[in-house]
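A.B. asks: Below is the structure I would like to discuss, written out as structure tokens.
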Amino acid sequence: MKLKRFLLRYYPPGIILEYEQGGILKTRSIDLLDLSPSTDVDKVVEEITQKEPLITPGKVEQVQKLVARLQEKIGQREDHHYYLFKVLRAHILPLTNVAFNKSGSSFITGSYDRTCKVWDTSSGEEVHTLDGHRNVVYAISFNNPYGDKIVTGSFDKTCRIWSFESGKCYNVYKGHTAEIVCVSFNPQSTQIATGSMDTTCRLWDVEKGTEVGNLSGHTGEIISLSFSSTGSELITASFDNTVSLWDVRSNKRIHTLIGHKAEISSAQFNWDSSLIATGSMDGTCKLWDRTSGRCTATLRGHSDEILDVGFDCTGQRVLTASADNTACCYSAITHQQICKFFGHEGEISKITFNPQGTLVMTASADKTARLWDPDTGECKQVLEGHTDEIFSCAFNYEGNTIITGSKDNTCRVWR
């Protein structure tokens, strides 16, 4: 094995090692999830060099500089105020979803008008209209971090994969017998998972355009899915009140996470895929140990349905958004509530951390999105202007641009 170069990853903090083995270029990562401004850099570097044979004595000084740079980035807390940059009259019918590519230079919008549109973030210009579906385009995603492909899932029961560069459709995946409501690329961008109202999840080969797995076992619609960070496992969340954990290689179910008393609305892995968070219509969020499939905590901070859950980039905090007009932030380690976010006058359907973990964004039926301090629960800014419910919102990778999607048929870019 020969080390070729180091790559820095800011969110979550880590160093990627690019090395050659048997003539093949490979990568592996050193995750520094506990790194903070007060961490002893020398101690961290010592631990890395003890565990990592690729880092020879001659490379130690370079690693020290990289860790120090990561630490400096973590310590930067910008009090950024977001201004409305563009209002995009994106579609002739309401939007369903919005998503950025990795760099945030482009984003996509899905709509009830049966199309997905590709936009240039800096100019607000439409780049492509991805036209071909015969019903609502409900689920959309880039193959981040690469960003050269887009997947769309539709109520027409098909999934399509498109070229970001040309807007041409590469493949149409047929097989589901009901609406597709969630899609995801695996981290390697070699497979796509689709979840459907037909109660199944299907796996597709990106290059060949063929079905490589049919994950059946749920008795209700699948409404959320997520790959683990290695891409070897997948979770599916269903209206049958359960979440299933699957081995992608064998297509076998590893665990069924049973405990919720109503439909699941959202399920997410944390960064290292050691934990799974599930939100339910029963008003609770549960944390599960991925290895054993056991429930390790039930977070009861809401008086109504939980509509969305999410982790910060290191997987140490978990967010919940509810139909009770509030949101909560918890420690994923101690399970204690850190703070509660009060202020919305309608249900909160989406919640997310910025990449740095210093801000929380919520999208609500009250036509606003809000930005919050995750340590204190203080509302830092209200993003106003939409004339109908906001149901989708996203930060770019740097955290300096936001997109919000609304039932008013527009998408707004804030920076």
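Counting starts with 1 at the first residue shown.
Each Cβ is built from the backbone N, Cα and C atoms, and glycine gets one as well.
From TrEMBL, here are the annotated features:
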- 88-129: repeat 'WD' (REPEAT)
- 130-172: repeat 'WD' (REPEAT)
- 173-214: repeat 'WD' (REPEAT)
- 215-256: repeat 'WD' (REPEAT)
- 257-298: repeat 'WD' (REPEAT)
- 341-382: repeat 'WD' (REPEAT)
- 383-415: repeat 'WD' (REPEAT)
A.B. asks: If we skip the immediate neighbours and take only residues 6+ beyond the ends of the repeat 'WD' (215-256), which ones have a Cβ under 8 Å from one of its Cβ atoms?
C.D. replies: 178, 181-188, 190-191, 193, 195-203, 262-269, 271-273, 276, 278, 280, 288, 290, 292-293
A.B. asks: What are the DSSP helix/strand/coil residue counts across the repeat 'WD' (215-256)?
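C.D. replies: Split by secondary structure, the repeat 'WD' (215-256) comes out as 0 helix, 23 strand, 19 coil.
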A.B. asks: Looking only at the repeat 'WD' (257-298), how are its residues distributed among DSSP helix, strand and coil?
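C.D. replies: Within the repeat 'WD' (257-298) the tally stands at 0 helix, 22 strand, 20 coil.
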A.B. asks: Would you mind giving the whole-number mean pLDDT across the repeat 'WD' (383-415)?
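C.D. replies: Looking only at the repeat 'WD' (383-415), pLDDT averages out to 95.
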A.B. asks: DSSP says what for the repeat 'WD' (173-214): how many helix, strand, coil residues?
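C.D. replies: Its residues fall into 0 helix, 22 strand, 20 coil.
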A.B. asks: Using DSSP, what is the helix/strand/coil residue split across the repeat 'WD' (341-382)?
C.D. replies: 0 helix, 20 strand, 22 coil
